[in-house]
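Worksheet: the structure to be examined is printed underneath.
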Amino acid sequence: MATKPRAPVTILSLRKLSLGTAETQIKEPKMFTVEDAVETIGFGRFHIALFLIMGSTGVVEAMEIMLIAVVSPVIRCEWQLENWQVALVTTMVFFGYMVFSILFGLLADRYGRWKILLVSFLWGAYFSLLTSFAPSYIWFVFLRTMVGCGVSGHSQGLIIKTEFLPTKYRGYMLPLSQVFWLAGSLLIIGLASVIIPTIGWRWLIRVASIPGIILIMAFKFIPESARFNVSTGNTPAALATLEHIAKMNRAVMPEGKLVEPILEKRGRFADLLDAKYLRTTLQIWVIWLGISFAYYGVILASAELLERDLVCGSKSDSEVVVTQGDSEESQSPCHCHMFAPSDYRTMIISTVGEIALNPLNILGINFLGRRLSLSITMGCTALFFLLLNICTSSAGLIGFLFLLRALVAANFNTIYIYTAEVYPTTMRALGMGTSGSLCRIGAMVAPFISQVLMSASILGALCLFSSVCVICAISAFTLPIETKGRALQQIE
């Protein structure tokens, strides 16, 4: 009889505890980050538009860079230039690129990726058009240097793509961006084969400026990076962007409130050399420098081999010595040899090689990882540079150039992805900018190897290119961080 009243008291007490626990759980607010939102929304129509518009920045950049290779024989003849003067044009373009890569990277981490991308395109289009009116060689060099300054900001398009893509799609979509670089390269070579022999190189530059001007108008459809907005405390803008993406993709947003820490320290050069990232940064710089040296070395060497017919040490029979004035004894030391239709075809075939290994590159990046994939392709690049010295037929030369272009393009694909993934949002643009800047040192040196040293010793030039690639392969293999399957870091 005494135990009966105790039972309900015990049950009532347990119910109260249960209710109390439920009330506590209800009061806990749900929160999510930009990374959570990007992964929850997934891939959809917004990302397709992003891929097409931001990927097209590669078309414009490729046209501006490849323009020098197709115009070099013409300006050599028109202004009677020596080898070092032709090489200086390319070097100065990359000098401008080097200086402004760091500046644009700093500004992008502080003021936004989208703004810097727009400024760089306006800058590049303006000075590219002015180049077509250059009255002399000096003016041509100066104006192309200004174009190089503008082109250096185009990498912000890749950063915007990277920051909006879900993790599992980055390894597939970013390498496919190589299609746009290929399209730009093929377009400028095709235009050159038609325009230069008919209405001249100045009109080629004017026509080549049109895609950049059109693309500027398409930028309004792409918003500022949500990751950048939350890092600056502009959470409402980031939330509006994410909601817009979810609506376009017909997806749902995560439940709760968008919460990210406000990052006061952004875009500081010292952060790249912090103990956590020092080794990674230094090795990335070495790899970028070497890849650029090899990439532009292949492009310019291809043009040089075709223009001067240096295969197997022979000289071109169509080489012309330009005379100055009425005197036959006064001769310019330059060689005037215009590209024939067959030369343009060879350049197109070798350029198509840039996408030949793309499927294998995508598989390697996603299954072997970024580091191992890059070290393998860099080692193969070193080997094929040496094979280029083999005395072979025209078809053999085209085959070697085709495979070399495929390998160097795969190298660029992988290092672009790795650099964008390894750094946190606070210094991602600066990391990409400084890497792009260091890479232009290699591009600045490449013309003097491909256009000057190669004229004296093909084997010496090719051995130098191969040695640099071996160093890069070792550096890639020993990188301390693997970014395969790793979420983008918001803070250090």
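Every residue number used here counts from 1 along the chain in the order it is shown.
Each residue, glycine too, has its Cβ placed from N, Cα and C.
Under the heading domain 'Major facilitator superfamily (MFS) profile', TrEMBL lists 50-484. Look at TrEMBL and you will find 48-72, 84-104, 116-138, 179-196, 282-306, 456-479 tagged as transmembrane segment.
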Long-range environment of the transmembrane segment (179-196) - Cβ separation under 8 angstroms, sequence gap at least 6 | 55-63, 66-67, 70-71, 74, 203-204, 207-208, 211, 339, 341, 344, 347-348, 351-352, 354-355, 358, 409
Given the transmembrane segment (282-306), which of the listed stretches 48-72, 84-104, 116-138, 456-479 has the most Cβ pairs that are under 8 Å apart from it?
-> 456-479
Long-range neighbours of the transmembrane segment (48-72), counting only residues six or more past its ends (CB under 8 A) = 86, 89-90, 93, 117, 121, 124, 128, 144, 147, 151, 154, 157-158, 160-161, 164-165, 173, 176-185, 187-189, 192, 196, 201, 204-205, 208, 211-212, 215, 218-219, 221-222, 248, 296, 299-300, 302-303, 307, 339, 347
Could you pull the average pLDDT for the domain 'Major facilitator superfamily (MFS) profile' (50-484)?
-> 83
